[in-house]
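Before any comments, here is the structure.
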Amino acid sequence: MATSRTPVEVPTKRRIAVLTSGGDAPGMNGAVRAVVRMTIHRGCEAYVVHEGYDGLVCGGNMIHQMHWEDVRGWLSRGGTLIGSARCSSFRERAGRLKAARNMVLHGIDALVVCGGDGTLTGADIFRSEWPGLLRELVSTGDLTEIQIRPHATLNIVGLVGSIDNDMAGTDTTIGCYSSLNRICEAVDAVFDTASSHQRGFVVEVMGRNCGWLALMAAISTGADWLFIPEMPPRDGWEDNMCSIINRNRDRGKRRTIVIVAEGAQDRNLNKISSTAVKDVLSTRLHLDTRVTVLGHTQRGGAACAHDRWLSTLQGVEAVNAILEITPECPSPVISIRENKIARASMMEAVRQTQKATELIKAKKFEEAMSMRDPEFREYHLAYLNTTTTDHPKMALPESERLRVAIIHVGAPAGGMNPATRVAVAYCMTRGHTPIAIHNGFPGLCRHHADKPVGSVREVEWLEAENWVNEGGSEIGTNRSLPSEDMPTTAKVFDLYKFEALFIVGGFEAFTAASQLRKAREQYSAFKIPIVVLPATISNNVPGTEYSLGSDTCLNALVTFCDVIRQSASSSRRRVFVVETQGGQSGYIATMAGLSVGATAVYIPEEGIDIKMLARDIEFLRYNFASDRGANRAGKIILRNECASNTYTTQVIADIIKEEAKGRFESRAAVPGHFQQGGKPSPVDRVRALRMAIKCMQHVEGYAGKTPDEIADDDYSAAVIGVNGSQVLFSPLGGPNGLETTDTDWSRRRPKKEFWLRFQGLVDILSGRPKSDGGVQDGECWGCYEHT
Ligand SMILES: Nc1ncnc2c1ncn2[C@@H]1O[C@H](COP(=O)(O)OP(=O)(O)OP(=O)(O)O)[C@@H](O)[C@H]1O
Ligand SMILES: O=P(O)(O)OC[C@H]1O[C@](O)(CO)[C@@H](O)[C@@H]1O
Ligand SMILES: [Mg+2]
């Protein structure tokens, strides 16, 4: 160690450092970018520590200051650009002593750590030891009293960055959905070749001791069988697995997919390897079977949209937390529950995570399962109940079985097919009759009696099985509403004896349900439970903060923006004005803006005016001038299609070009229906499963009730939705019904749009000037001085 005479700068501003540690995870760069920029925005100095805890232990230029421009373009980069490591010396007090000294020498006493349970454990130990470490450093003469005085406490905030999603206390970790995307792309591809050759495939996925990736992959791809560490199969699993696979084959399935978590084991903790599973399939079923081990492909590549906005919002929250916590506060970890970013106790989260691992080792599997996030068990059960439909104990008595009609209304959205598949499978498991209405309400009224095939058809298991990863709407969707022919709609409802209606779609689906509810007075055919599962890329359905398809759309937009932005790298100095869909809702424009780091986002809720454009052009000018060609990628402005009638996408691109006076160029780009995405994203697939099952359970609750009893219950016409940290049903009618409380009918969007607050964040993180002509607290502009 150097002596205490090592010069120490006395910082004039608070210094906050960020590091990434443990296995890398897509989205870590987004977190670092957000921490760096938010730190600067909040008037502090941003530092990074390279190579995880190794960098803290080694010090020197492994720890250095970061400026605004240094993190430009990081959102789209895979891995972690500041490096990560598994550092053995930090596990020892001697290593942490060196780390403490290096932090003081750099004037840093606030640290954001992004990693898994190990990283956070290390962080918590470090914080608890901090005063003792400093005292020891003074006693050995490595630091002086004066040097340690400003650093009496160490503030640490954790961000969970890990593909494993093994951390208790948060629904998802930064990186887990990107990894799941990679897995699903691979399994979707395997799916095709497996079908062609009628083969079996055993796919091994990562996750260490946690089965989240494996479970979600199985759900998202309709795997026939699954092995996860938390829920080892019963003894004799070989027979069970073979019998289920045989039954699926007998029903006409041409492929067999088995997902094996790398930590899979039997009830005696003996490893179940993918090759052992392959051997069972080959020898017992004589299936031509292949093993695919996905390995580190699961950790690499650019982050998906979900991980980009999640890491950004959590990075921002980490800085806010660092500046707010007091010495007595336990270190927080930034979590997400459904749609709500929150803070939880870091040590409690780590304790529970480690407990889950210990319980697995102690063969207490049920308890281990309950240590995972609350939905884990729900998802596991849902997977079991929908992968095969033969569960005699699940079947309802004849009197409680319903004829459930399923209809898609509105534009296609990713997740519509998986949701329908799940509803069908659940109905079959319970003994209900799933009936698909093809091509929406016009299909119902005009083609129900067509020969040889009408538009109202019972769904076969095999038909629905193939919808697990299909985009669009296989049963056909239509924007037309029942009001176009209410009498015929009611007649056909009666004719086919519908006893429940499941509507999947966007604002039109919501409107259709509302119309049917209001028409109950005239037509008793509608006095049945009606439930809407929001599915629209616009995410503009009242009663929910999330609609199926919006995540798929964001991924498509993010890919589009990444590609065009990169195309500017040869020409440089180019601004793309990208037109997004979304109707009167700026949701996808704003979330895409957060996910790609847009310079500005124009949304209908705010409109566009000439002053705004002038300010943004001035900002672009400043940006390009201070950039000095350092970053070659283009800049993105996102404009929602309805943001202004006058300032169209092309007009804005032309104005920018004109005003740039040759200093930079601009182009309009319209991804159009590309935004509906191809195959649904894993987020949309797994949420489709959960939401569709909840919807079926909801309508099931009305079995045995009279039409009037049903009509009298406000919840008999409801929307399922994510509301903050909960998934809830909201009634359409009644005093608290969405129709009156939360629907802006003329603008076709909810009255309260939760995401509007993110609009300001897009601006803060791009450094865009405020609308009042000022700048974002002066910090974002000021930072350009450093470049
Ligand atoms: N008990 C501990 N005490 C001190 N430091 C620790 C401890 N556990 C882990 N660390 C530090 O955290 C680093 C990362 O931990 P680990 O390798 O377990 O990965 P992780 O953060 O859990 O991420 P992932 O599991 O996603 O790869 C370790 O290399 C070590 O430096
Ligand atoms: O990259 P390494 O060090 O081989 O670690 C692999 C492990 O890291 C993870 O990718 C992330 O924790 C695990 O899923 C996997 O078991
Ligand atoms: Mg770990």
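Yeah, the Cβs are placed from backbone N, Cα and C, and that goes for glycine too.
Heads up, TrEMBL stuff is auto-annotated, nobody curated it.
As written in TrEMBL, here are the features:
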- 1-388: region 'N-terminal catalytic PFK domain 1' (REGION)
- 15-322: domain 'Phosphofructokinase' (DOMAIN)
- GLY23, ARG86, CYS87, GLY116, ASP117, GLY118, THR119: ATP binding site (BINDING)
- ASP117: Mg(2+) binding site (BINDING)
- SER162, ILE163, ASP164, ARG199, MET206, GLY207, ARG208, GLU262, ARG290, HIS296, THR297, GLN298, ARG299: substrate binding site (BINDING)
- ASP164: active site, proton acceptor (ACT_SITE)
- 389-402: region 'Interdomain linker' (REGION)
- 403-787: region 'C-terminal regulatory PFK domain 2' (REGION)
- 403-698: domain 'Phosphofructokinase' (DOMAIN)
- ARG479, 536-540, ARG574, 581-583, GLU641, ARG667, 673-676, ARG748: beta-D-fructose 2,6-bisphosphate binding site (BINDING)
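Positions of the features from TrEMBL, shown on the structure.
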| residue | record | CB count, 10 Å |
| --- | --- | --- |
| GLY23 | ATP binding site | 21 |
| ARG86 | ATP binding site | 15 |
| THR119 | ATP binding site | 28 |
| SER162 | substrate binding site | 28 |
| ASP164 | substrate binding site | 28 |
| MET206 | substrate binding site | 22 |
| ARG208 | substrate binding site | 18 |
| ARG290 | substrate binding site | 17 |
| ARG479 | beta-D-fructose 2,6-bisphosphate binding site | 17 |
| GLY583 | beta-D-fructose 2,6-bisphosphate binding site | 21 |
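Take GLY23, ARG86, CYS87, GLY116, ASP117, GLY118, THR119, the residues named in the record as contacts for ATP: the widest Cα to Cα gap among them comes to 14 Å. Taking the C-alpha atom of THR297 (substrate binding site) as reference, the shortest distance to any of the binding-site residues GLY23, ARG86, CYS87, SER538, GLY583 belongs to GLY23. Screening the binding-site residues MET206, ARG574, HIS673, GLN676 for a C-beta under 6 A from any atom of ligand 1 leaves none.
In this structure, the CA atom of SER162 (substrate binding site) is 9 Å away from the CA atom of ASP117 (ATP binding site). The DSSP breakdown of the region 'Interdomain linker' (389-402) into helical (H, G, I), extended (E, B) and coil residues amounts to 6 helix, 0 strand, 8 coil.
In the vicinity of ligand 3, defined as a Cβ distance under 6 Å, the following of the binding-site residues GLY118, ARG479, HIS673 are placed: GLY118.
For CYS87 (ATP binding site), the same-chain residues lying six or more positions away in sequence with a CB closer than 8 A to its CB are SER21, GLU51, GLY52, TYR53, ASP54, VAL57, GLY95. Distance between Cα atoms for HIS673 (beta-D-fructose 2,6-bisphosphate binding site) and ARG299 (substrate binding site): 30 Å, as a whole number. The closest partner of ARG208 (substrate binding site) among the binding-site residues, by CA position, is GLY23; the full candidate set was GLY23, THR119, ARG574, GLY583, GLN676. Ranking the binding-site residues GLY23, GLY116, GLY118, ARG299 by Cα distance from SER538 (beta-D-fructose 2,6-bisphosphate binding site) puts ARG299 first. Checking the binding-site residues CYS87, ASP164, MET206, ARG208, ARG299 against ligand 2 with a 6 Å cutoff on the Cβ atom leaves ASP164, MET206, ARG208, ARG299, in sequence order.
Least packed by the Cβ count within 10 Å, out of the binding-site residues THR297, SER538, GLN676, is THR297. Neighbour density for ASP117 (ATP binding site): within 10 A of its CB lie 27 other CB atoms from the protein chains shown. In terms of Cα spacing, the binding-site residues ARG86, ASP117, THR119, ARG479, GLY583 all stay beyond 10 Å of ARG299 (substrate binding site). Take the Cα of ASP164 (substrate binding site) and measure to each of the binding-site residues GLY23, THR119, ARG574: the nearest one is GLY23. When Cβ atoms from all protein chains are considered, those within 10 Å of GLY116 (ATP binding site) total 26, not counting its own.
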